[in-house]
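Take a look at the structure below.
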């Protein structure tokens, strides 16, 4: 009886709750999973914090220059200048830290423990890669005697070499270098103004020398960083520092963009007022399109007289001479867009780097190095070769249009300031621009049809950076063109020049249509590549790609030399007002110019890579 009751109690007793009995291997896997979950949570938190940090810096980058420009009662601008010194200094320190870390890790890698020992010729195992074979032969073949050094294993914390990360094509980074050089020249001219100050206590401003020097250092260091990022971004051990450092550099470029934009707009407003005042005193006009230009200037003066300007622009008694000031005024229409384009390109490139650092998984950090024929194939891809077949006709027609564009620009700048010829100068250059847009639209539409004969390759993401820049800068084309259309339509009835009014409406519409068609064909063509001998022989659409490449260079020259000047759009100035149109121009024109440059880069990539047979790696 007792035995039965005990048996019943044993059967009814619940199982003890708690962690089931796990083996050591299962416990290790569970701990690893928990550790990985905590690490992913920490990565997400640092990613969000880095974005907030960048946003805070950009907000300050908007508030400081706007306040400095609009408030004439600012007694001291130490905080304003110190903010930019913090941006430049932080970016430079981050890049130097990455270089120092890379140098230290390279010095710890593969240190020989024993001196070379002479021995009999060694036979390399079959499984060893051809890259290792060639490296060992180069290092150890010495008159038929093999040298076999013993190597220490690299530290485990050092991340092994992984796949090549591509942050823009070589030509894109070459453009970044060119724009960076122009930015350095712009900052050097600003630095030169320091030596024109009078040696008086109230005129001393050391920030006038320190800030441009720090900006020059930042631009040069950042250019070196972008060209060497494939090595530097392999150090994923310092992901937190990399996230905040890259976001700091992104914020620095955006703040630099906003700073130059506001300062250049402020400068334009000051010089427009100065020219208007001289016009009222000496009866000297810049560009006269009708007989009511004087009333237009009076209207502008009455509309814009309440716009405050900082005292730094109105007080010129601290300068002994104004040589550098005049140089800045004369060269700023050409150097200013370069400064903005440099900041934009660097910000997008750094954003792609930050995205890759945040999205880099632990599995991708330990991929083996390339070996065998794969390594040979990757080296052959870096060899430069140009095949100009099926491109001569498009190149010839494009060069003809480029020559006509250069001649039209020369005539424009020679005639626009001559009394009685300014109207003809504007008409002829606008007609040429309309013709370029029409030819570019037709070429893009025909290319859409011809490019369908080329096979689609699964290389999504290969030109991610180029596509981001293309779409972002195209928004500037749309904005600038829509502002022109609105201004031309609403001011057309006020204008007596019907031909110019019609052209001012057709021209921006043509820019919108041409840029839309060209962007669509570039996004499609970048995914295609010849994969049969028939396609390689025919090269469908290559003539049109060549023509579009040269045409974009011609439009780029027009945008850089003509459209960047505020005074060359009289209908828009009359509708928006001079200072409003100056703001619109300085915001949109750098994006328009950068779009043409980026289109040229993408067209060259299609021209070079799309019409080659892709080798198959064994």
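Just so it is clear, glycine is given a Cβ too, placed from its N, Cα and C backbone atoms.
Annotated features in TrEMBL:
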TRANSMEM  44-66  transmembrane segment
TRANSMEM  78-100  transmembrane segment
TRANSMEM  170-189  transmembrane segment
TRANSMEM  209-228  transmembrane segment
TRANSMEM  240-262  transmembrane segment
TRANSMEM  334-354  transmembrane segment
TRANSMEM  391-413  transmembrane segment
TRANSMEM  425-448  transmembrane segment
TRANSMEM  468-490  transmembrane segment
TRANSMEM  502-523  transmembrane segment
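The list of residues near the transmembrane segment (425-448) in space but at least 6 beyond its ends in sequence, with Cβ under 8 angstroms from a Cβ of it, reads 289, 401, 404-405, 408-409, 411-412, 414-416, 499-500, 503-504, 506-507, 510-511, 513-514, 517-518, 520-521, 524-525, 541, 544-545, 547-548, 551-552, 554-555, 558, 562, 568. Here the transmembrane segment (209-228) touches the transmembrane segment (334-354). Their Cβ atoms form 3 or more pairs under 8 Å, with each pair 6 or more residues apart. Counting only same-chain residues 6+ beyond the ends of the transmembrane segment (170-189), those with a CB under 8 A from a CB of the stretch are 212-213, 215-216, 219-220, 222-223, 226-227, 324, 327-328, 331-332, 334-336, 338-339, 341-343, 345-346, 349, 465-466, 469, 597-598, 601, 604-605.
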